[in-house]
């Protein structure tokens with residue numbers, strides 16, 4: 001029987017005798033089983049085809065994304081992006097210890113940012129020296145041996161009640177007082193930590209209003225926070241240049257007893273410090289200061305550049321930082337890990353607004369004016385700088401001439417400012433007119449607090465998150481004089497374009513310039529030749545310490 005003849009029929013098969021060939025019951029039953037078998041065969045073939053397709057797809061996926069036990073698939077508070085989905089997030093298998101800068105062994109869940117931040121930025125071209133890595137590991141051992149609660153700490157604490165001490169103790173300390181705005185605090189704390197490394201001291205951090213809410217513990221096995229029962233804590237606010245244990249005051253009034261060793265000294269290194277306070281940066285004075293077991297420091301300065309001008313520190317600094325303009329880049333990434341709450345602010349915003357962009361541009365706007373703004377001359381300055389430096393495209397006001405690009409480049413612009421007007425101005429410009437290049441520009445601003453609120457925890461949490469977000473951009477524009485911008489450029493290893501400070505509310509010409517290095521500026525350096533005991537331009541003594549681009553009298557490493 002021709003089976004195909006039954007499949008080819010277009011008219012129904014009838015069992016009656018009229019009009020069509022009659023078919024008996026046995027033939028009809030045979031046709032039914034043949035049809036049923038054909039349908040089963042078709043379904044089986046289709047199922048196999050689907051299964052094969054799925055297996056091929058899985059094979060391709062796992063070939064592109066090899067399994068890795070160190071890969072972080074996700075987390076509740078601040079999810080790490082999948083590098084296969086978001087190409088602007090660096091390789092998930094990147095070096096989470098930052099070339100040995102960070103120590104292993106921390107509880108990762110207690111501080112997500114410590115090891116996960118590497119996934120959100122490009123690998124740094126600046127590698128820490130083996131000497132710096134060794135120095136940090138040795139410091140961690142010292143901190144664990146001498147930190148709060150240890151027998152050595154308890155023994156040293158008893159010395160505070162004495163006027164003078166006999167002999168050298170096992171451990172010496174430098175206490176950093178929490179003082180000034182967040183940017184200043186971060187920079188000054190990094191400076192004091194470097195001083196601790198150079199002098200084999202243990203750094204203890206006054207938590208102030210919010211230091212423990214903002215930053216994780218950086219040292220394994222021992223807190224860096226000054227205990228709440230430290231006997232001098234209630235004196236911190238009152239310490240100034242006229243305090244009896246202020247080193248500058250003692251030098252000025254010639255009351256230093258060189259025969260004995262003082263139990264403690266107060267070092268006033270705030271921007272308003274005097275010439276006698278600045279003697280701290282003289283090698284002879286460091287010899288005396290180095291014997292004192294307890295140093296209490298109040299500063300709002302990034303005084304690292306002047307440490308390089310102290311001959312006794314020069315060799316050690318050169319070994320620690322062969323690339324001299326990497327000091328804050330390395331120490332900042334070592335010390336300052338945002339707490340999980342702050343890290344959540346960073347990652348949620350990054351994922352929502354920045355992760356899909358082909359290029360990320362950061363613009364940090366700080367206006368030192370009594371009026372809140374926004375100011376037209378500042379908006380003009382931002383546009384002039386970003387367009388002349390080819391960071392952002394110009395707009396074409398003749399819409400009919402706008403370029404059509406099949407796959408336009410997407411740039412995400414992150415604006416941080418106390419005022420919303422500057423971001424809104426950019427957003428409106430790139431919404432109302434097409435770009436001359438066909439690029440798509442998205443403008444985003446996480447917060448607009450209106451004015452600086454130094455003592456508010458949430459304000460500082462947002463500020464830290466924004467500094468960190470700026471550090472994750474590909475290119476950065478910062479404002480002159482701003483420590484906020486200094487922190488971002490240092491953490492990100494970025495040489496920013498600096499918006500020069502306007503005068504008389506007029507847009508500067510040129511509007512901005514490229515920084516010599518990513519290092520912060522020391523705003524209030526000493527101008528004193530310790531040997532000649534006379535004034536001198538300290539920005540011309542060595543080739544790697546120069547005057548800053550944004551503050552002519554400031555010093556920075558280059």
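In case you wondered, yes, glycine gets a Cβ from its N, Cα and C as well.
So that you can see what the record holds, here are the features copied from Swiss-Prot:
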- 88: N-linked glycosylation site (CARBOHYD)
- 504: N-linked glycosylation site (CARBOHYD)
- 1-43: topological domain 'Cytoplasmic' (TOPO_DOM)
- 65-558: topological domain 'Lumenal' (TOPO_DOM)
- 44-64: transmembrane segment (TRANSMEM)
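Over all protein chains present, the Cβ of residue 504 (N-linked glycosylation site) has 5 other Cβ atoms lying within 10 Å. Across the topological domain 'Cytoplasmic' (1-43), the model assigns an average pLDDT of 39. DSSP assigns residue 504 (N-linked glycosylation site) to coil, not to a helix or a strand.
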